[in-house]
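Read the structure below first, then the notes.
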Ligand SMILES: O=C(CO)[C@H](O)[C@H](O)COP(=O)(O)O
């Protein structure tokens, strides 16, 4: 059954499965958005059915909320949960310090709010997303629709004064219309090539009127689980200041029920 999955999907599933095992009975959990996060949500659904795991969860998008309800997860709002023990989410790029680019799926605003309202954030990913320097993936920036062209021009002006390679941005579209986020905003994708100082860029972007949030996650994640297609996952933990690495193997065939439900 797992043969029907591409190697990248097997790698994503492996990361998601390993990270979902960190969830313990009674936890309040933030659920990320994207294809890797969707595997994690399905895996939590399996644990709820098989082990009677009891959790409450805060999804980071309407898509994730729908999937979570479908697999039997008790979904609440962040205001109801107030604080979370753990958030598990994917990323578009990550570096050695676990600075991330997120928002490829357009959910960066809720993702950042939920992750920063959590004691811990675990990133789930495949190895291809690890980079030495962030920026090959276009950086998503959420902007309010009012005056978005003026916001775009100001963002490009700011980029011209920063340690980045490119300064072009483009409005994300859905067919012939702007892509609209769950919060009713637009997304500008910044084609930067190389981000020399992500911390500074994140701060400066958020100063531009009309910018709601940017997809740079700095000092938010402290653990990453990197999945491989053979079922091996590598956990890197930076929470103590010194990186600690461990590996684990999962049996992909154990998850036949998840794959057969797709
Ligand atoms: O930030 C995100 C959504 O806003 C996703 O986590 C990111 O785009 C990774 O997605 P995928 O797991 O599908 O590769």
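Cβ coordinates are placed from backbone N, Cα and C, and glycine is handled just like the others.
In the three-state DSSP assignment, the secondary structure recorded for residue 89 (substrate binding site) is strand. What TrEMBL lists as substrate binding site is 33, 34, 35, 36, 89, 90, 91, 92, 102, 103, 104, 105, 129.
Spatially close to residue 111 (active site, proton acceptor) yet at least six residues away along the chain are 32, 33, 60, 89, 102, 103, judged by Cβ distances under 8 angstroms. Residues annotated as active site, proton acceptor in TrEMBL: 111.
For residue 102 (substrate binding site), the count of additional Cβ atoms within 10 Å of its Cβ stands at 30 [all protein chains shown]. Ranked by how many other Cβ atoms sit within 10 Å of their Cβ, the binding-site residues 89, 129 place 129 at the bottom.
With respect to Cβ neighbours within 10 Å, the binding-site residues 33, 35, 91 differ, and 35 shows the lowest count.
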